[in-house]
Amino acid sequence: AIALSLQEASAPRRNASTNGPTEVITIPDSDDEDDGFAADLQRAIQASQKDGTSSMRATSGIASPSLAQPSSRSTPALSTDGSNPFLADRAQLERERLARLKRLRPDAESEEGEGDGTQPKAKRQQVSSRSRANRSANASTSSSSGTSASSEQMFWDGELRQIANKHVDPTKETRPTFRLTEILAPRDEVECAILSAYCINWPWIYSFFNRDTPVIMVAHDQQGSNETIKEVLPNWIKTTPFLRNGMGCMHIKFMLLFYKSGRLRVVVTTANFIEHDWRDIENTAWVQDIPKRPTPIPNDPKADDFPAAWIRVLRTLNIQHPNLPIQRLEDLRMKWDFSKVAVKLVPSLAGKHEGWPNVIKTGHTGLMKAVRDMGAQVPKGKQMVLECQGSSIGTYSTQWMNEFHCSARGESAQSWLDVSRARRSKLPWPAVKLIFPSLRTVRESVLGEPGGGTMFCRRNQWDAPKFPKELFHDSNSKRGKVLMHSKMIIATFRSASTPFTRGQSETDSETEPESDAEETESRQPIGWAYMGSHNFTPSAWGTLSGSAFNPTLNITNYELGIAWPLYSEQEANRVACWERPPRKYVLGEDLPWVGRFRYVEEYKLMSSQMQFESPCFVDDR
């Protein structure tokens, strides 16, 4: 084998010594030629390690004339260590070829050998196939920016995740997240979509859909209070709901994605349709796929379940489009099977709601009904502590906060309205932890102060003499130094034998609840959780008035979220997007983030480093 190899090597050396034109030799990167050379080289190296010519004949079974008698041609001398300089040259050329390959194909750097050309053929073929597959996948991704490279996932049982963020600490990003491309995938199969958000970058969200996909976008209209329907883009219709006297806002964030296969994907999220919310700041999304029924069921006008609540919300939001896959809103419940949905829909519909049948369908009294339906009322001998995370602080009174706390406990609002107004106004603050970023947290975050443009607490609120400063706790993400736009409430039950019952404010203690093993075994909730667009404000949840016989609930905003029971403290820790227990403000040292930009242009200047195409300057009340 060595002699044959040397014969092949002598020809090009003689050609190089002639006076003819110089032949430029290019070493190809073809996989077939690489494999042939590697095999020949491997055989030559193995043969050179044998002792003597006879052993090589015995191994090959061939009596080569070139090995039986000396060759008349000049043969390169062996080096002092017994190696052949020709093989060394070929090995050096192979190392140079691999170096070029690494420069041209970085993905092959860790997959190729160490440059010695001795990689087994099977492994080389596997590497080559994997490299070609990677290049094919990259080309496919580049050709369609709206198509996710990962395989399509189904969520028939519902899934709650944080939204992917480019600034999180990789060591703390240990759980799956949602990306907008993954939620919408496959985009070619989307037959129609109903979307809703408060702040919208229209060209950006438009790029995620095919041009022929009909889309309805529910949006906030800052110019007026009347219902409107407008065509804003090809096959895109913008609709706005009614707002009394132009006050309040349409703050709901959701997606209803109808696929050509018949599947319906329901998404409730805290993120607006702007890059910032899906890239730079913490947000949350809940996704569940709903199968289509084989046969529609009859319409039930008295239904009060999850799809029935959706129908009420869509009707209030003025949903209309000629190309909807449903002829009427009632088809949503009749044609799709929502039986596997385990969460409760909790809407707030702006307006004045009178009478118990209307009051318990919206706002914090709607939350009260959801808590009762889940069986998550506070057990006897227990008390409830609320942890309320949001991006906007409201104007609070002890009356409103106790009013909300009553609904959160699952207690009928009738008992609350039976108490005189004078007595209600003198109640102490209930067990509520207001979770909002401190000034220090914002300044130490990845994006600094410019990243706090969608966090709102006014200075005059904080400086008010009766403002509940003692309820404030710092908002620190479990995923690192990123700010949170997520809106969540975690309600947990605590023993009534704690110091809370002896007059101490419940938020003064960071004591965790007692062991919940018995409750877990019997599947008794130890609390509940909420996620959605509601901030913890009267504008979002409503204010109750009237009498126990004829109550009235006034709501300023349109909001939407989901609620579900919690069965262990571990589950509560897993659901919460903030570090629990939250760190309480040290009064006199900690201040809330109150940085608000007075003008849009000033905010554009401050946020330019975050590469906003259209800055989101909104009062997120």
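Every residue number used here counts from 1 along the chain in the order it is shown.
Using the three backbone atoms N, Cα and C, a Cβ is placed for every residue, glycine included.
These numbers come from a predicted model, not from an experiment.
Straight from TrEMBL, the features:
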type     : residues       : note
ACT_SITE : HIS251         : active site, nucleophile
ACT_SITE : HIS485         : active site, proton donor/acceptor
BINDING  : LYS253, LYS487 : substrate binding site
COMPBIAS : 45-83          : compositional bias 'Polar residues'
COMPBIAS : 128-151        : compositional bias 'Low complexity'
Near the residue listed as 'active site, proton donor/acceptor', which residues of its chain come within a Cβ-Cβ distance under 8 Å, counting only those 6 or more away in sequence? THR270, ALA271, ASP277, ILE281, GLU282, ASN283, SER391, THR454
LYS487 (substrate binding site) and HIS251 (active site, nucleophile), distance between Cα atoms, whole Å: 12
Tertiary neighbours of LYS487 (substrate binding site) (same chain, Cβ under 8 Å, six or more apart): THR270, THR284, GLN389, GLY390, SER391, MET531, GLY532, SER533, HIS534, ASN535, PHE536, GLY561
Please report the number of other Cβ atoms within 10 Å of the Cβ of LYS253 (substrate binding site). 27
